[in-house]
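Visitor: Got a structure here, written out as structure tokens. Questions coming.
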């Protein structure tokens, strides 16, 4: 039911319309009709002939997934479709093996060869639509055509028209919760575009404004709509059933933190530039007031106020996207936490200080009383810990930490005065090596490989007599295995203790960069056990 709701929400936000099953003409490819339209080529007489583009839901999903897979690097692909009146219809899309940079992407010989082979093979299975456009990504800087994009599109329209260019911003798609997409056609060389501004304001980074401004009159946008059929609905259901857990477990605030930081930096640069312009304007600042007149030059005032207006819009956009991310986290908390009204300070507080203490506190006991259970999202691990009798009762403390490549853990023993005799830690996303060194005999050292999705169990001598640590090395070798360090998330389960005189109640839930999850959560802890003394990795 959750997967269905997620798909319906995506379709609603992106205005995907269902095609009437009794009128599926849009899916019929009439080769003779397409040849007739191509021979007439009405778009050669009217630079504004095409005004609308319809994109199938399946093609849209494929393009967005491809754009997102590229991260901060631009990616490129082709679109198949046909022409219907003044509308370009996109039926399908496929990726090209093209390596771009953070600012540009061009198809080389390998990409063209792949495109020709793909189009030949796809016709053999009954997909007769021709290549009718290309798409690429603009990670984090909006949907528009750069100078290189304009030249590429002009060549495409010159030699294989009709052709359309589509741009997708995967970063803004995640932040806004809606696909950020634009479709464009270029004007013929020498054509003077009508003097009109862009149809809709969009945020352009300061480093891209010049490129945007120089070429913005060489192309025009097309109105975009999306459609699907009954068969498309079935395909989308399969996609959602496969990926919705991964989508639900991710946080847009974490996935797009680099993009958000760049937005804030760009906003600060724009504010500084506007402030410098105001200082150069002399007395009267933005209003232009001074000895030269009551309000100064109206044109200058309008330009400066326009700059402030744009900065205000950019600031509002950042705030809205951050609020959207926070709301999604709150909704997840309500859905998956047993008691969503628990004390937020304890849920998001600082990690407990685990100074090395080598002897348990006398009379220490397990915290009992009127406690709230740990969040239900961790039950899949807690249940396994209880089934394997690693714990007799459910642990009452969880700490979630995120480590980037090059970050380690200092040698320590989890404080016996605070925590019980068994500590377990689940490693996610990547492998690492945990080192155990005896607190007195420094020659006793064990290095244990912790594979991704493995669980390390520390008890008895390993728990109290050995310090455990993880180095900062980017590459480690253990038992002849070379391990490349990468981003890692750990979930540590512990029992919190109190003294007999302390009436402790409640549970510990500490999160560092809270919300980081792995799409393979339900299939964890399947690795074989590897033991070293009293320490084991399960």
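Cβ coordinates are placed from backbone N, Cα and C, and glycine is handled just like the others.
Just so you know, TrEMBL annotations are computer predictions that nobody has curated.
What you see is a predicted model, and the numbers here were worked out from it, not measured in a lab.
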Visitor: Between the candidate ranges 282-311, 312-341, 342-371, 372-401, where does TrEMBL place the region 'Disordered' annotation?
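Guide: Based on what TrEMBL states, region 'Disordered' spans 282-311.
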Visitor: For the domain 'MPN' (53-190), provide the mean pLDDT of the predicted model.
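Guide: On average, pLDDT over the domain 'MPN' (53-190) sits at 80.
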Visitor: Using DSSP, how many residues in the domain 'Fe2OG dioxygenase' (394-497) fall into helix, strand and coil?
Guide: 5 helix, 57 strand, 42 coil
